[in-house]
Amino acid sequence: MAAQPTQAVGPPGHHHFYYYYRALSSDNVKGLLLALSSSAFIGASFIIKKKGLKKAGESGLAAGNGGYSYLYEPLWWAGMIAMILGEAANFAAYAFAPAILVTPLGAVSIIISATLAHMILQERLHIFGMLGCVLCIVGSTTIVLHAPQERAIGSVTEVWELATEPGFLCYALIVTALTLVLIFYFVPRYGQTHILVYVGVCSLVGSLTVMSVRALGIALKLTFSGVNQLVYLQTWVFAVIVATCVVTQINYLNKALDTFNTAVVSPIYYVMFTSLTIVASVIMFKDWAGQNATQIVTEMCGFITILSGTFLLHKTKDMVDTAGFLPIGSNGITKHADKEDGFALEEMPLSFHDSCHNQV
């Protein structure tokens with residue numbers, strides 16, 4: 001249930017700030033802090049790993065040429081540890097806050113990576129890239145201030161009841177059917193030529209991944225607080241669903257990245273994955289129940305603002321990376337234009353599982 005405005009003492013206009021402060025429940029604040037810390041760790045990890053790759057490439061066969069000398073580079077492992085910590089924090093964030101708050105904040109990692117790349121790697125951040133960062137911050141702030149309250153759940157069986165309601169069952173069946181059609185019909189015929197085929201599989205499965213991760217996270221949170229949920233079969237069912245969805249998602253994300261330019265895959269994947277995740281969360285967890293039309297429209301405007309900022313960041317980054325190599329106006333999408341200094345450029349993660357393809 002959405003927080004209700006309370007009578008506040010203070011100067012005119014003070015009660016508006018007080019309303020938003022009260023609207024951020026303790027669980028939402030925990031989820032927010034975990035999501036932001038996740039973005040910080042993941043955003044920094046890509047810069048650290050890239051430094052490690054460059055250093056390893058100076059003394060051995062570069063990763064882009066099939067080498068694995070980076071496995072002996074401590075700097076690369078430091079980046080991997082930062083990424084693991086970031087993914088763990090993001091997993092925990094879903095146990096405290098609704099997906100409509102946590103998922104879009106993945107864009108913050110782009111800002112951190114772009115800023116650190118500008119400062120540490122001397123990779124020029126275009127003026128429009130800076131504007132993209134500002135838009136991401138504004139959009140994220142808008143969503144945070146208007147995010148719905150986390151639903152109070154006392155048992156994993158309650159989550160199971162939500163997951164087996166007709167509305168979400170219909171969504172899950174539609175997603176499963178579309179995924180199977182894409183995998184068995186469209187992938188063999190159009191996977192190598194149409195980017196939406198691989199990305200579509202990743203995004204559809206990804207929305208179910210987040211719902212399962214959120215359910216499993218809630219179960220673990222309750223267990224750690226003293227209410228053991230490991231005795232319920234539903235907890236293990238959600239764990240199996242998470243494992244199955246993650247493996248499928250990573251498999252087809254890697255196919256997309258191996259076939260198309262990362263700078264093209266990432267923003268498309270972010271838009272589709274985040275949109276479907278929000279839809280799934282609204283259906284399953286009733287995130288918008290108790291919110292008025294103004295709050296919902298404001299959240300959507302914040303999301304669109306983040307998408308605009310993400311587009312600007314990737315578009316200007318692509319222009320800078322290809323300067324001097326592709327003619328003006330060229331917009332090829334094959335991945336081979338994505339090389340620099342003998343190894344593949346690592347792209348910034350945009351969601352809970354977008355960074356998994358870089359684990360090796």
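Glycine too: its Cβ is placed from the backbone N, Cα and C atoms.
Keep in mind it's a predicted model, so treat the numbers as computed, not measured.
Features reported for this protein in TrEMBL:
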type: TRANSMEM; residues: 29-48; note: transmembrane segment
type: TRANSMEM; residues: 68-85; note: transmembrane segment
type: TRANSMEM; residues: 91-113; note: transmembrane segment
type: TRANSMEM; residues: 125-146; note: transmembrane segment
type: TRANSMEM; residues: 166-188; note: transmembrane segment
type: TRANSMEM; residues: 195-219; note: transmembrane segment
type: TRANSMEM; residues: 231-252; note: transmembrane segment
type: TRANSMEM; residues: 264-284; note: transmembrane segment
type: TRANSMEM; residues: 296-313; note: transmembrane segment
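When the stretches 29-48, 195-219, 296-313 are ranked by Cβ pairs under 8 Å to the transmembrane segment (264-284), first place goes to 195-219. In this chain, the transmembrane segment (166-188) lies out of contact with the transmembrane segment (29-48); the count of Cβ pairs under 8 Å, excluding pairs fewer than 6 apart in sequence, is fewer than 3.
When Cβ-Cβ distances below 8 Å are used as the criterion, the transmembrane segment (296-313) is approached by residues 100, 104, 107, 110-111, 114, 128-129, 131-143, 146-147, 267, 270-271, 274, 278, 288, 350 of the same chain, each at least six residues removed from its ends. Same-chain residues lying 6+ beyond the ends of the transmembrane segment (125-146) with a Cβ under 8 Å from its Cβ atoms: 20, 23-24, 32, 100-101, 104-105, 107-108, 110-111, 114-115, 117-118, 295, 298-299, 301-313, 315-317, 319-320.
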